Amino acid sequence: MAKQSIQQLLDTSPILQCPQCARRGEQVGLIAQGTSLVCTCALCAKVHRFDVSSRGSVNMVPAQKPLLGYTEQFFAARRAVIDHGWYSLLIEQVVQQVALVMDTMHKATPIRIADIGCGEGSYAKAIAQYCASRSIDAQVFGVDLAKDAIHVATTGGSQGVRWIVADLAALPFADQSIDIIVNVFSPANYSEFKRIQTSYGVVLKVVPEISHMVQVHRAVRQADAERTAEVSSALHERSAGDLFAQHASVKQQLRVTQQVEVQPAMQPLLARMTPVLFHREDSTALVSTIHEVTLDAMLLVGKQILE
């Protein structure tokens, strides 16, 4: 299984490029050498060498600084609540929309799907599982800047996904190489999306809606006795949706809402899995009275990234 996970990533080297060279404006491909991806630039081959782990992942940001709050505990907590059924409706809808898009594509080569900002990997895994169950010729990538995210995602194996630690501002894909871009609860770099997207490509963007985690926001407001973070969060995410509409031809909008029970054993996970509670010493106390959470998101489907 480890060899298969390594090989499936090495086999995609023709559509990968060196992100280090890209930062200085050069597009240089990668080739497979042993269990590594190596830059084809003669000047950089010895330096820009990326080893593929036995889990089927590769780190293309070796000198990464710690990402405050986005720790292994954060991603493990998110994975745990998803394993308990949280976000199941949203995952189902994302997979369904990807499936509908794939039905319209008639390619001789594999359909390439990249989950950019994949976090703990639940959406990428669900997409890969769907493709495998229907024998769809697809290559699924999970990309995140956080090493801890990819570490949690690959616990238990690659599960049919090619996992990459990479910077959103320097994605390691060749121009016009990705057919479907998935971007869930994550920042978007539209110039990079446009660069890597095929001419008939589609972007699926998910942003939180106004009621998302409203119970947590309310607890924060009550604890701080200040203007609710709920309002500022809603405005921020509304602007994220508007920004997407400025960069893509929006073909569909689908709101997905789910009420989930927060059992006492789940409260510590809730305290760790939301950025709203980052760096709060009272996070456990804040969620101790929360017994239900609203998950509220808007799924946007854009046909192309515009100029």
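Cβ coordinates are placed from backbone N, Cα and C, and glycine is handled just like the others.
TrEMBL does not curate its annotations; it predicts them automatically.
What TrEMBL annotates here:
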BINDING   C44, H48  Zn(2+) binding site
BINDING   Y87, E120, G121, H212  S-adenosyl-L-methionine binding site
DOMAIN    113-192  domain 'Methyltransferase'
How big is the Cα-to-Cα gap, in Å, between Y87 (S-adenosyl-L-methionine binding site) and H48 (Zn(2+) binding site)?
38
Across the domain 'Methyltransferase' (113-192), what does the mean pLDDT come to, as a whole number?
96
Looking only at the domain 'Methyltransferase' (113-192), what are its DSSP counts of helix, strand and coil residues?
22 helix, 24 strand, 34 coil
Please compare the binding-site residues H48, H212 by how many other CB atoms fall within 10 Å of each one's CB, and tell me which has the fewest.
H48
Within 10 angstroms of the C-beta of E120 (S-adenosyl-L-methionine binding site), what count of other C-beta atoms is obtained when all protein chains are considered?
29
Count the Cβ atoms, other than its own, that fall within 10 Å of the Cβ of Y87 (S-adenosyl-L-methionine binding site), considering every protein chain shown.
22
Determine the C-alpha span of the S-adenosyl-L-methionine site listed in the record, that is the greatest distance between any two of Y87, E120, G121, H212, in Å to the nearest whole number.
20
Cα separation, H48 (Zn(2+) binding site) to E120 (S-adenosyl-L-methionine binding site) (Å, whole number):
26
Give me the non-local Cβ neighbours of G121 (S-adenosyl-L-methionine binding site): same chain, 6+ apart in sequence, Cβ-Cβ under 8 Å, ordered along the sequence.
R79, D115, G142, A149, I150, V152, A153, T154, Q159, V161, W163
Measuring Cα to Cα, tell me the gap between H48 (Zn(2+) binding site) and H212 (S-adenosyl-L-methionine binding site) in whole angstrom.
41
Helix, strand or coil: which one is H212 (S-adenosyl-L-methionine binding site) in, per DSSP?
coil
